[in-house]
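Copied from Swiss-Prot, the annotated features are:
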type    : residues   : note
BINDING : D487, D493 : Mg(2+) binding site
DOMAIN  : 554-613    : domain 'KH'
DOMAIN  : 623-691    : domain 'S1 motif'
Amino acid sequence: MAKITKTFQYGKHTVTLETGEIARQAGGAVIVKFDDTVLLVTAVAAKSAREGQDFFPLTVDYQEKFYAGGRIPGGFFKREGRATEKETLISRLIDRPIRPLFPEDYKNEVQIIATVMSMNPDIDGDIAALIGASAALSLAGTPFNGPIAAAKVGYKNGEYILNPTVTDLKDSQLELVVAGTANAVLMVESEAELLSEEVMLGAVTFGHREMQKVINIINELAVEAGTKPSDWVAPAKNDGMIAALKEAVGDQLASAFQVRDKLQRRDAISAIKKDVLGALAPRATIEGWAAGDLAKEFGELEYQTMRGSVLSTKVRIDGRALDTVRPISAKAGVLPRTHGSALFTRGETQAIVITTLGTARDGQVIDAVSGEYKENFLFHYNFPPYSVGECGRFGAPKRREIGHGRLAKRGVLAVMPSLEEFPYTIRVVSEITESNGSSSMASVCGSSLALMDAGVPIKAPVAGIAMGLVKEGNDFVVLSDILGDEDHLGDMDFKVAGTAEGVSALQMDIKIEGITEEIMKQALQQAKAGRLHILGEMAHALTTPRQELSDYAPRLLTIKIHPDKIREVIGKGGSTIQAITKETGTQIDIQDDGTIIIASVNAIAAQAAKSRIEQITSDVEPGRIYEGKVAKIMDFGAFVTILPGKDGLVHVSQISSERVEKVGDKLKEGDLVRVKVLEVDKQGRIRLSIKAVEEGEGVPASAE
């Protein structure tokens, strides 16, 4: 195939899609250029599904190579290792809008690999990777109901910005990524500075409108490349088996969905499934019905029963009305030795959230392609298997946990103080102890309380809520505070976090086409009402940050010295600073501009370290009297330490008004003496006098 190139303007970027020259053995391969940021994106689909495969094995890997930024990786091995948090998040970003566009029965393995090969630090690779994945799938001839496109939207001075650069985003009130087909929005991911629902919805529609040109370009590329449509055919439905299953189930599932408790409902449905499949086993053997097919169709009946019940009765499976939020319990200060903690329970979803305060030194150093930087606000989300009553793998966080942690972090980011306002590294950990839907939003609520309990001066409390949708034809219902089953069996997962003032984070995943702007508008308004209700319930626990830090949290003292004095504080080989930290039990961070931050759980120790540093950095003033210690005896006089690191000479003639034959007769090493500073010469040498003090000259150094 000859090389095919498509170039177009997308926001302020010139975008080029190329195929036919590189990675020609892949099912589909595209070079995507956003100015100097260049990615190779490939898509490969297996020819057939594995025997017994009962799920769609789609894997997406986004990777940033260090050579793309002209850097060599750190570490011992000097090569890229496991995926970074950013790579994991962008992999999920690509996966989410693509997965629902494959047919339900398609079980062939599909792998998408997006490799950043050249990176302009001002142009991120996320939108290029999404566009490249869509183009590669379109070229691979898979049964992919695309193409999709993506756009990033910023917001500044009341104007939307298409595909803002990293620099643009620094003073943008919004960073929103939207992906979708020509007719529908499928995915939204965003963080915002407390914007209104109208502005957020406007950004989604703006991005969807602007991405249409990309969809047209991908279609043209596929046509010119001569891509053949997929020959995959969905397996035929076994109508006899489905009819027999429906007859055997009868109205048992409808009754089971009336059970309000999650675990009891799950047990009831499992019992029905076991009985029905057992009753049908003899006929299944005769007819040749596979057990997997029966189980799949039973799941389809579950899906239809729950959806039909909600649409017809407007009552949900736990008995709530469509817009009712589950009962909420919120407590702050639940763990005695942590710096801040909260327990947030909403129905059968529960999170214990802990805040820990550290110094700037505790920040996480990120070794990225665009350069090294430090992260001083960390948010970690843990989802242990016991939270849903199961046994399972326990260890390193999975992709889902990283994604949920990032969403919860986005929820509170807009209200966090700057490092200048609150010079602590802050780590928030959300431990999900129970889960029945919306655990990431429970993490937002719990983190808001835990931060306030720790005394972090957040601008306002934050709450989050997950919305759902059930839609059949023109009939639809929007659900507030969805359960796990409603998320699994519904058409939309729509998470909104924010304060009473506005939205701080929005995440949307839509499984169907046909969701209109009006439906999204209703969902946002219903979410706002739910969010305000949750904030009201949280107010029973805590409404403002505590004025005092925990007794176990480090106290920070900040002082400023002249940058030229830094070497005096550090001392030869770090001896001075090490002595201060060892003697006072403090942690001291020195910045290049002369800012010194002293951290200690003990306020008295911090003050002692501060005094030591002030003594070291204070200038010796001629005419002042200091109390010093005799450091060394010489034939011609004695050296006296008057400040840490500052020795002066008392000449033999300045020891006493009487004649001194031998210095050792008057002074001994270790003696405390009062001396007057006679002179500090250009070389910094200090001349001292004991005699002048005895004669009543000089002013004490402590006097102002």
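These residue numbers are counts, starting from 1, taken along the chain as shown.
Including glycine, each Cβ sits where the backbone N, Cα and C put it.
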Looking only at the domain 'S1 motif' (623-691), report the model's average pLDDT.
89
The domain 'KH' (554-613): DSSP-derived helix, strand, coil residue counts
32 helix, 16 strand, 12 coil
Would you count the other C-beta atoms found within 10 angstroms of the C-beta of D493 (Mg(2+) binding site) for me?
21
In three-state terms from DSSP, label D493 (Mg(2+) binding site) for me.
strand
